[in-house]
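According to Swiss-Prot, the GTP binding site annotation covers Gly16, Pro17, Val18, Gly19, Ser20, Gly21, Lys22, Thr23, on the basis of sequence analysis.
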Amino acid sequence: MLLNQYRKPLRIGVGGPVGSGKTALLEVLCKRMKDSYQLAVVTNDIYTKEDQRILIDANALSADRIVGVETGGCPHTAIREDASMNLLAVEELISKFNNLDIIFIESGGDNLSATFSPELSDLNLYVIDVAAGDKIPRKGGPGITRSDFLIINKIDLAEYVGASLEIMNRDTNLMRKGLPWSFTNLKTGHGVQSVVDFILRQRLYLQ
């Protein structure tokens, strides 16, 4: 849910199931936006800082702008019921870089019911992937129906898993009821600009 009062930096939660492409999305977004905006990232993993390492190795941003949080428990608890570890990571980044425009907060892989605390994020992006099957949009859940922007990733795999993009398009429009979403292929960049454009529009709106 969009906040009425803009907090600088804009905090964007990125959620979705394991393997849907959250980290890959952040890599692409950071590389596309970092020349024009001051960015930072907080990643969440249960027992490791693997997603932090992936983003650093990919040169998504400089290493000091990417903070890894080991939640040690259920992924949605760390972004919803007790977001204290993530809030601390956000505050540390703000203290270190006083000119940040956007902080992305990537949740650990979770189910379709995961949501971010409004204390933690101003906008929520949710990532699912075609490889999970064309039934996923109609399963619903807050990530599908209420996220500010839904990304349906890995469209290049549709033919290999027997998923119909036409069915996913129909069901997503029904479930989203006018809220924005996009198909993406993060390997080719297909659909990424629509995500960037949405972020920038909301940033202006919330100022």
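In case you wondered, yes, glycine gets a Cβ from its N, Cα and C as well.
Here the features listed in Swiss-Prot are placed on the structure.
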residue	record	contacts (Cβ under 8 Å, 6+ apart)
Gly16	GTP binding site	Lys22, Ser107, Gly109, Asp110, Tyr126, Val127, Ile128, Gly143, Ile151
Val18	GTP binding site	Gly109, Asp110
Gly19	GTP binding site	Gly109, Asp129, Ala131
Ser20	GTP binding site	Gly109, Val127, Ile128, Asp129, Ala132, Asn153
Gly21	GTP binding site	Val127, Asp129, Ile151, Asn153, Lys154, Thr184, Leu186
Thr23	GTP binding site	Thr43, Asp51, Ile54, Leu55, Glu106
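DSSP classifies Thr23 (GTP binding site) as helix under the three-state reduction. For the binding-site residues shown (Pro17, Lys22), fewest C-beta neighbours within 10 angstroms: Pro17. Cβ atoms within 8 Å of the centroid of the Cβ atoms of Gly16, Pro17, Val18, Gly19, Ser20, Gly21, Lys22, Thr23 (the GTP site) belong to the same-chain residues Gly109, Val127, Asp129, Asn153, site residues excluded.
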